[in-house]
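According to Swiss-Prot:
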- Q24: pyrrolidone carboxylic acid (MOD_RES)
- 63-286: domain 'Fibrinogen C-terminal' (DOMAIN)
- C72-C103: disulfide bond (DISULFID)
- R209: site 'Implicated in ligand binding' (SITE)
- D221, H225, T227: Ca(2+) binding site (BINDING)
- C229-C242: disulfide bond (DISULFID)
- Y233: site 'Implicated in ligand binding' (SITE)
- H243: site 'Implicated in ligand binding' (SITE)
- Y259: site 'Implicated in ligand binding' (SITE)
- A260: site 'Implicated in ligand binding' (SITE)
- Y271: site 'Implicated in ligand binding' (SITE)
Amino acid sequence: MHNLRNILFVITLIGQKYGLTSSQNKELCDVTSSTGLLDSIKVMASHVKEQLKDKGTSEVAQPIVSPDPTDCADILLNGYRSSGGYRIWPKSWMTVGTLNVYCDMETDGGGWTVIQRRGNYGNPSDYFYKPWKNYKLGFGNIEKDFWLGNDRIFALTNQRNYMIRFDLKDKENDTRYAIYQDFWIENEDYLYCLHIGNYSGDAGNSFGRHNGHNFSTIDKDHDTHETHCAQTYKGGWWYDRCHESNLNGLYLNGEHNSYADGIEWRAWKGYHYSLPQVEMKIRPVEFNIIGN
């Protein structure tokens, strides 16, 4: 999976360098996926040859700004530095259309594509206690609280290597963060299984336990516990037996008497404190090299 994903990413970079169109890039990715790398190289050579006709070397050597940014890091590199809503074109989403996403252009250099936000936006406390289809397709308002959608998160995280960042805030406005390298999920056929790498940050490692586990919701029990974790803890998440983080749980806004069913990050606040504000966001791992 990773080898194919990396090949598709390199092919797209080459296409951008030589000014290939979106349809030409899509043809390259389709050929690579279906018939192999050799056929893809032949198609790519043909397209590049067409682009080089009647062009001087000085023109070809100029960097080409991608007309179809694939994530918020691309948007930042294209010169847009304000946080807010943007349109992107993930590579594996081309046949479906564009995605509207919220870009965080301020945190740690910017370029983050936000995939989840919780806050006090007037929705019911159980707003995130939804069935599989809602988590599959996404819900909410990207300017407020929302879940981007597991299909979309899959499309994003399988086009290149990403890290994920969790930004957490308590009622006293104290903040913590956690970063995990090499974050990606599998598709629906594989129950959106979670994959993450090494942890860093000051929030404590409350997501690492969920690595390798499938997504569960109120109507789909894919955890490893004898009970139904999503029903018990009132959210959609990569539960195992059951959780050390529950960022899609009930919005309980601080301390609560119930056990572990709020927006929990155990390593920082334990199981009786529901965080009033959290964000989950992703950025390409190589951004730290090419983006700064």
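From the backbone N, Cα and C atoms, a Cβ is placed for every residue, glycine too.
In the three-state DSSP scheme, H225 (Ca(2+) binding site) is classed as coil. The two recorded residues, C242 (disulfide bond) and H225 (Ca(2+) binding site), show a Cα separation of 7 Å. Taking H243 (site 'Implicated in ligand binding') as the reference point, the recorded positions whose C-alpha atoms are within 10 Å of its C-alpha, out of C72, R209, C229, A260, are R209, C229, A260. When the alpha carbons of Y271 (site 'Implicated in ligand binding') and T227 (Ca(2+) binding site) are compared, the span between them is 18 angstrom. Spacing of H225 (Ca(2+) binding site) relative to A260 (site 'Implicated in ligand binding') is 15 Å (Cα to Cα, whole number). With C103 (disulfide bond) as the anchor, the candidate recorded positions are D221, T227, Y233, Y259, and the one with the nearest CA is Y233.
Taking the Cα atom of each, D221 (Ca(2+) binding site) and Y233 (site 'Implicated in ligand binding') are about 12 angstrom apart. The recorded positions listed here (R209, T227, Y233) include Y233 as those with a Cα within 10 A of the Cα of A260 (site 'Implicated in ligand binding'). A helical conformation is recorded for R209 (site 'Implicated in ligand binding') in the three-state DSSP classification.
The recorded positions considered are R209, H225, H243; of these, H225 has the fewest other C-beta atoms within 10 angstroms of its C-beta.
With Y233 (site 'Implicated in ligand binding') as the anchor, the candidate recorded positions are C72, R209, T227, Y259, and the one with the nearest CA is Y259.
Ranking the recorded positions C72, R209, Y259 by the distance of their Cα atoms from the Cα of T227 (Ca(2+) binding site) places Y259 first. The secondary structure of C103 (disulfide bond), as reduced to three states from DSSP, is extended strand.
Spatially, by CA atoms, the recorded positions C72, R209, Y259 include one closest to C229 (disulfide bond), and that is Y259.
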